[in-house]
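Below is one structure, written out as structure tokens; comments come after it.
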Amino acid sequence: MTGTGEPPAGADRTPSGAGAGPGADGAVPLLETRGCGKTFGGVIALRDVSTRVRAGEVTCVLGDNGAGKSTLIKILAGVHPPDSGEYLVDGAPAAFTSPRDALDRGIATVYQDLAMIPLMSVWRNFFLGSEPSRGWGPFRRFDVAEARRTVRRELRSMGIDIRDVDQPVGTLSGGERQSVAIARAVYFGARVLILDEPTSALGVKQAGVVLRYIAQARDRGLGVVFITHNPHHAYPVGDRFLLLNRGGSMGEYGKAEVTRQELISLMAGGAELEQLAHELSREEPPVKP
Amino acid sequence: MTVKTAGPGADERLASTGLARRLLIRPELGAVVGAVVVFAFFAGQSETFRSVDGVANWLDPASTLGIMAVAIALLMIGGEFDLSAGVLTGTTGLITVILATRYGFSIWTAMLVALAVALLVGFLNGLIVVRTTLPSFIVTLGTFLMLQGINLGVTKALTGTVQVSGLRRAEGYEQARAVLAGTFSLGGADFRVAILWWLGVTALATWVLMRTRPGNWIFAVGGDDRAARAVGVPAERTKIALFMTTAGAAWLVGSILALRFTSVQANAGLGQEFVYIIAAVIGGCLLTGGYGSAIGAAVGALIFGMADKGIVFLGWDADWFRFFLGAMLLLATLANRLVRRYAEEVRH
């Protein structure tokens with residue numbers, strides 16, 4: 001809730017506000033988990049995870065497959081309550097019984113596969129479930145003109161260049177789809193945006209596009225939870241990094257406390273593999289003249 | 001194609017493909033083209049077919065089929081089937097005739113009772129489907145067989161034959177007939193009033209589908225049920241309402257036919273359920289849901305009407321109608337498949 005209202009002109013890569021550093025402690029975090037745990041039958045999916053999500057900050061949740069990322073976002077999104085520990089929203093304990101409850105408190109989740117309905121147009125998808133209407137009684141109707149206008153305006157204000165809001169969402173690329181879903185959450189008053197692996201299925205350029213919209217949302221003062229297994233995607237946009245491994249926390253770091261290389265080496269084997277791939281791909285162009 | 005910083009030159013090129021795409025993915029396009037071809041074929045060979053009397057003649061079967069096809073199209077866009085709809089037209093007709101001729105009900109009261117029964121059947125169909133998440137194909141196949149049994153069993157028990165008749169004597173018959181099964185003159189020919197009902201139902205369905213919130217929900221629950229629920233669409237209510245709409249349409253058609261013929265066979269409507277689905281598919285509905293149009297289904301019914309009567313006008317054996325049906329269905333499904341792949345194609 002600190003002074004993040006006015007985005008700094010131009011520079012959208014610099015972390016806004018005080019980041020994870022010393023100054024931010026005064027404000028009440030939008031979301032906070034204290035020692036949260038969750039078990040499914042005999043399986044401990046998550047144990048003793050504590051983190052904070054502040055307005056105007058991007059909290060990255062990093063971990064390999066099976067690290068507990070999905071369980072953590074399901075707790076944050078109101079799908080499951082935690083079995084142990086506390087989940088606080090605006091400093092008060094949250095008792096969500098459904099994702100709808102979380103949504104009503106301004107916590108919006110964009111799932112990778114559940115984001116959009118492919119055969120429906122962009123504007124129909126954008127307003128699905130919250131269609132603007134006009135008229136009264138039996139003549140109440142979906143205000144189609146208003147919907148189209150709003151979608152065009154909102155997408156443009158987020159810098160999303162969709163050629164035609166009438167095209168089916170299925171014809172959009174993966175990155176465009178995620179971007180529209182983010183714009184939708186922002187438009188409907190989300191204060192916290194939970195993004196489930198928004199870049200994992202995307203190519204390099206597309207991932208860059210989505211990262212830019214994450215930065216946009218952050219600059220508008222939203223708290224963003226960015227789940228990913230790719231430190232190269234997390235590092236440029238993140239302010240805090242929560243590392244998960246096998247259901248437990250491996251620590252949370254502010255951007256000032258960790259370098260990209262450290263972040264990569266903190267992650268488990270899969271990440272080393274990625275680093276290798278990254279290094280290999282850098283060798284192709286002539287290194288230095 | 002997905003590079004965000006496309007220059008103005010690239011944008012112009014995209015705009016032109018966008019227009020072509022928008023025309024191509026209109027769900028009813030295939031049906032309209034088909035209707036024009038079928039009309040040209042029969043009108044070219046038969047003087048009667050293209051006369052005003054001929055038009056009135058082939059619009060007649062298209063109208064009752066069209067009312068049902070439009071309702072089924074909405075249901076199919078919502079991702080469900082209803083195999084009981086055909087037999088339900090018989091059930092509602094039988095209820096109306098039995099109550100009006102044997103129990104002294106006025107025709108309007110009898111029709112009201114039949115409507116209540118139809119809506120109840122639709123409600124139960126919908127409730128079972130959304131609560132069990134069983135395929136509606138199976139659930140409504142069950143209702144279909146049960147209704148078929150009731151229609152025959154009750155009719156035989158009451159009359160000892162397989163039809164009920166004598167509706168002409170019922171109170172209010174002339175009035176009801178004028179509203180639902182009468183005729184009007186236009187250009188020297190008598191057209192059935194059912195044609196107006198057909199146009200009205202199509203217009204209403206199109207408006208609901210394209211311009212109301214429930215219309216948006218219908219597309220959504222058919223396109224991706226889980227995603228629709230995730231954004232707060234009342235998926236269960238939407239689907240139950242669709243089943244009840246189909247049942248309501250079956251009541252309308254059942255009443256129109258009962259008033260016209262003043263008698264109803266116990267097996268009325270049997271086998272029609274697939275014809276409704278075929279008309280909806282020819283009209284651009286996908287069997288997988290989430291896509292289609294009410295106008296398309298109405299045009300699909302029009303193609304049926306034209307072929308049904310056109311074959312007779314040409315003096316062909318009516319058996320060829322079946323062959324024609326199959327060929328149209330196959331063509332339409334192939335065309336729809338292409339359209340869907342085009343619409344869903346992910347561009348990287």
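Glycine too: its Cβ is placed from the backbone N, Cα and C atoms.
Over in TrEMBL, the protein carries these features:
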type	residues	note
TRANSMEM	B:23-43	transmembrane segment
TRANSMEM	B:55-77	transmembrane segment
TRANSMEM	B:107-128	transmembrane segment
TRANSMEM	B:134-154	transmembrane segment
TRANSMEM	B:193-210	transmembrane segment
TRANSMEM	B:240-262	transmembrane segment
TRANSMEM	B:274-304	transmembrane segment
TRANSMEM	B:320-339	transmembrane segment
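With pairs at least 6 apart in sequence, the transmembrane segment (B:240-262) and the transmembrane segment (B:107-128) have 3 or more Cβ pairs within the 8 Å limit; the two touch. Within the same chain, the transmembrane segment (B:240-262) packs against the transmembrane segment (B:193-210): three or more Cβ pairs sit under 8 Å, each pair at least 6 residues apart. The stretches the transmembrane segment (B:320-339) and the transmembrane segment (B:193-210) do not meet in space: the count of Cβ pairs below 8 angstroms, excluding pairs fewer than 6 apart in sequence, stays at fewer than three.
The listed stretches are B:23-43, B:193-210, B:274-304; of these, B:274-304 has the most Cβ pairs under 8 Å to the transmembrane segment (B:55-77). Note on the transmembrane segment (B:193-210): residues 59-60, 62-64, 66-67, 70-71, 73-74, 77, 178-184, 218-219, 249, 252, 256, 293-295, 297-298, 301 of its chain, located 6 or more positions outside it, place their CB under 8 angstroms from a CB of the stretch.
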